[in-house]
Amino acid sequence: MKIVSVHEGTVPISSAIRNAWIDFSSMDCSVVAVVSDVVREGRPVVGYGFNSNGRYSAGEILRRRMIPRLLAAEPAELLADDGDFVDPAKAWAVMMRNEKPGGHGERSVAVGVLDMALFDLAAKIAGEPLYRWLSRRHGDGQPDESVFVYAAGGYYAPGKGLRELQDEMKGFLDLGYRVVKMKIGGASLAEDLERIEAVLEVLGGDGSRLAVDVNGRFDLRTALEYGAALEPYGLFWYEEAGDPLDYALNATLAEHYPGPLATGENLFSLQDARNLIRYGGLRPDRDYVQVDPALSYGLVEYLRIQRMLAGHGWSSRRCVPHGGHQFSLHLAAALKLGGNESYPGEFQPTGGFADDAVVRDSRVGLTEIPGIGFEAKAAFHRVLRELHD
Ligand SMILES: O=C([O-])CC(=O)C(=O)O
Ligand SMILES: [Mg+2]
């Protein structure tokens, strides 16, 4: 088989919400369609990808470097040894030709979008849902049939008071989630504690069902001050307290804060994730690694990260990727991760799972159609089809 064409575009996923660091008024996202020469039911098989949320579209890098390199490669250079499909790992090496190491920036976003599309394509050609295809090749062949998901939200927004925050959280529980996440660090400690208490009321006072997310806003002193105030609640986790690359801050926080910490959504490479494990003081018995494969060079790199973690004695169950998207849901089931994020209310049309996905007791099943299952998410599928139809 060969790649016939690659189509790239940008979709807005903007909204009025704000975390402690950014607002989402101009957030957008790259989408790609990789069209193959394989024809099924009279139509070419097409792989789709997009770049999660939280970083902006990477069209320039896609158009000027990654897509031309893929299209210039000899088809045989890209083919898997044992099958008639483009091997995402070989494509990865082609896309990264003439790229220096380090300074990963958002090159990792561009590669991640194409990597997602190539895995979607490979699983579609095999006629299997991605999680089953992946589990056979990179797991133990016995994927999890459902995945733990928590509902992320609790943003700051204009006109949003405690009542609205509570209503949002009640809505998450009504949808079947047991664990919810809210933003902190975008207001004073006193105000954030009021917001936390309001959400805990909805959760029957059970702090182990609430995660909080600072989006990297705090310096060490503030991270420790909040940590001391949060500790008595016994929270599900305390996320990205300081700058994602400030491993020393994280290590000091881990010495003082006994509850679970979570971080990694803004680490975009094996090397950055390894530095977190080496120097970030994370504790393999309780903390969480949130690297988002769509933002960080795709699944080819995520598999390397999984091997690195295993080599440092970490269970894959300690990984709960950021992003709330269908791609990571398949990875979570196939690689036996600890779960996946979910944003029931945000980041449309790209975010979230299949239209008919049902969450029960904070677990969700997967789509059984070939590939990632974007075809089962109607509004997003329309956007993706427009890229090439
Ligand atoms: O607000 C964001 O950028 C999203 C985020 O941190 C998360 O999902 O954990
Ligand atoms: Mg976060």
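Cβ from N, Cα, C; glycine included.
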Quick check: of E164, E168, E265, E301, which does TrEMBL put in the same Mg(2+) site as D213, E239?
E265
Can you name the residues of this chain that are 6 or more positions from N19 (substrate binding site) yet have a C-beta less than 8 Å from its C-beta?
Y155, Y156, K183, G185, G186, D213, N215
Secondary structure composition of the domain 'Mandelate racemase/muconate lactonizing enzyme C-terminal' (162-260) [DSSP: H/G/I, E/B, coil]:
55 helix, 11 strand, 33 coil
Based on Cα coordinates, which of the following recorded positions are within 10 Å of H322 (active site, proton donor/acceptor): N53, K100, E239, D292?
N53, D292
Across all the protein chains here, work out how many other Cβ atoms are within 10 Å of the Cβ of E239 (substrate binding site).
26
